[in-house]
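> Sequence annotations record features per position, and here TrEMBL assigns domain 'Aspartate/homoserine dehydrogenase NAD-binding' to 11-120. Among the features that TrEMBL reports, NAD(+) binding site is placed at ALA123, ASN191. The feature domain 'Aspartate dehydrogenase' is assigned by TrEMBL to 169-255. Positions annotated as active site by TrEMBL: HIS221.
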Amino acid sequence: MAGDRTVAIGGLGAIGAHLARVLDAGVEGLRLVAVSARDQEKARRSLVGFRAPPRLVALPELAEAAEIVVEAAPAAVFEQIAEPAIARGRIFVPSSVGALLPRMHLVARARETGARIIVPTGALLGLDAVRAAAEGTVASVTIETRKPPRGLEGAPYLVERGVDLGGIAAPTVVFRGNAFDAARGFPANVNVAAALALAGIGPERTMVEIWADPTVTRNTHTIRVEAEAARLTMTIENVPSEENPRTGKITPLSILACLRGLTSTLKVGS
Ligand SMILES: NC(=O)C1=CN([C@@H]2O[C@H](COP(=O)(O)OP(=O)(O)OC[C@H]3O[C@@H](n4cnc5c(N)ncnc54)[C@H](OP(=O)(O)O)[C@@H]3O)[C@@H](O)[C@H]2O)C=CC1
Ligand SMILES: O=C([O-])CC(=O)C(=O)O
């Protein structure tokens with residue numbers, strides 16, 4: 001409809017394809033106009049049956065196509081989506097939040113261009129409460145992530161150390177450190193830690209523990225915040241998506257809720 005805000009999505013995997021389908025089915029105030037993927041044939045197949053098929057464009061062209069640019073691609077191509085979107089003053093919604101941590105210059109650039117960077121809660125929970133607590137004094141923020149070992153396979157931190165998760169029979173801690181180093185070592189696994197760091201006390205002070213845990217079937221994140229105003233302890237247990245077991249099914253839903261919040265008259269939560 002005229003007056004709708006246009007949306008483009010970079011990536012048509014577990015997050016992007018789900019989001020594209022829901023937007024195409026109709027979400028008040030939002031219109032999907034462009035998408036991007038690596039395998040063009042597969043992308044065309046994903047778009048079969050769409051009521052209003054979006055244009056299939058290259059990553060840097062997403063920013064020309066729409067007012068809202070959602071990044072839902074591997075961290076390795078983050079800049080190809082983020083930089084043009086921010087240069088053109090768009091609303092940029094990243095999924096690969098870990099890739100934002102070493103690129104905070106993009107926030108300064110957005111200030112110059114009028115772009116906004118809206119980080120969705122994604123596969124996490126409670127960022128409203130963490131943001132509120134961080135308006136006051138916060139002593140500590142920690143996140144413990146437990147994943148089935150196959151959900152951590154291929155992480156650079158493990159590959160560099162020759163860690164093989166194949167034979168793990170008991171829950172094993174594979175990383176302890178801050179959110180900055182966690183995002184660098186596990187770029188496809190701890191976007192939640194990056195989002196938590198940005199909501200609260202920053203990537204250097206946010207502490208992360210990652211467990212390869214053969215006893216869990218869900219990607220499980222527990223946040224603990226010790227603040228002057230409140231103590232928070234929150235756990236989310238995410239059902240892995242069929243397309244990508246690293247990605248919880250709640251992630252595209254969270255991004256959809258975030259997009260609705262950009263246009264809705266009634267918005268709930270800070
Ligand atoms: N913020 C959060 O809470 C969460 C964030 N994530 C992150 O979100 C991102 C997306 O996750 P997910 O949807 O599961 O990933 P998938 O691997 O399922 O999908 C990635 C998509 O990106 C596309 N792609 C890859 N390379 C290119 C390229 N060069 N040009 C255009 N498209 C490309 C792929 O195309 P093709 O299909 O053709 O291969 C695929 O469609 C990841 O970085 C992930 O770590 C995930 C879960 C939670
Ligand atoms: O839990 C999930 O679904 C995904 C996850 O850990 C992340 O990307 O940070």
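Every residue gets a Cβ built from N, Cα and C, even glycine.
Where in this structure would I find these features, and how exposed are they?
For the domain 'Aspartate/homoserine dehydrogenase NAD-binding' (11-120), the model gives a mean pLDDT of 98.
For ALA123 (NAD(+) binding site), the same-chain residues lying six or more positions away in sequence with a CB closer than 8 A to its CB are ASN191, VAL192, ASN219, HIS221, ILE236, ASN238, THR247, GLY248, ILE250, THR251, SER254. Following the DSSP three-state reduction, the secondary structure of ALA123 (NAD(+) binding site) is coil.
When secondary structure is read from DSSP and collapsed to three states, HIS221 (active site) falls in the strand class.
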> ALA123, ASN191, HIS221: which of these recorded positions put a Cβ within less than 6 Å of any ligand 1 atom?
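Checked recorded positions vs ligand 1; flagged ALA123, ASN191.
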> Just how many other Cβ atoms lie inside 10 Å of the Cβ on ASN191 (NAD(+) binding site)?
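The answer is 28 other Cβ atoms.
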> If you draw a 10 Å sphere on the Cβ of HIS221 (active site), how many other Cβ atoms land inside?
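I get 24 for this one.
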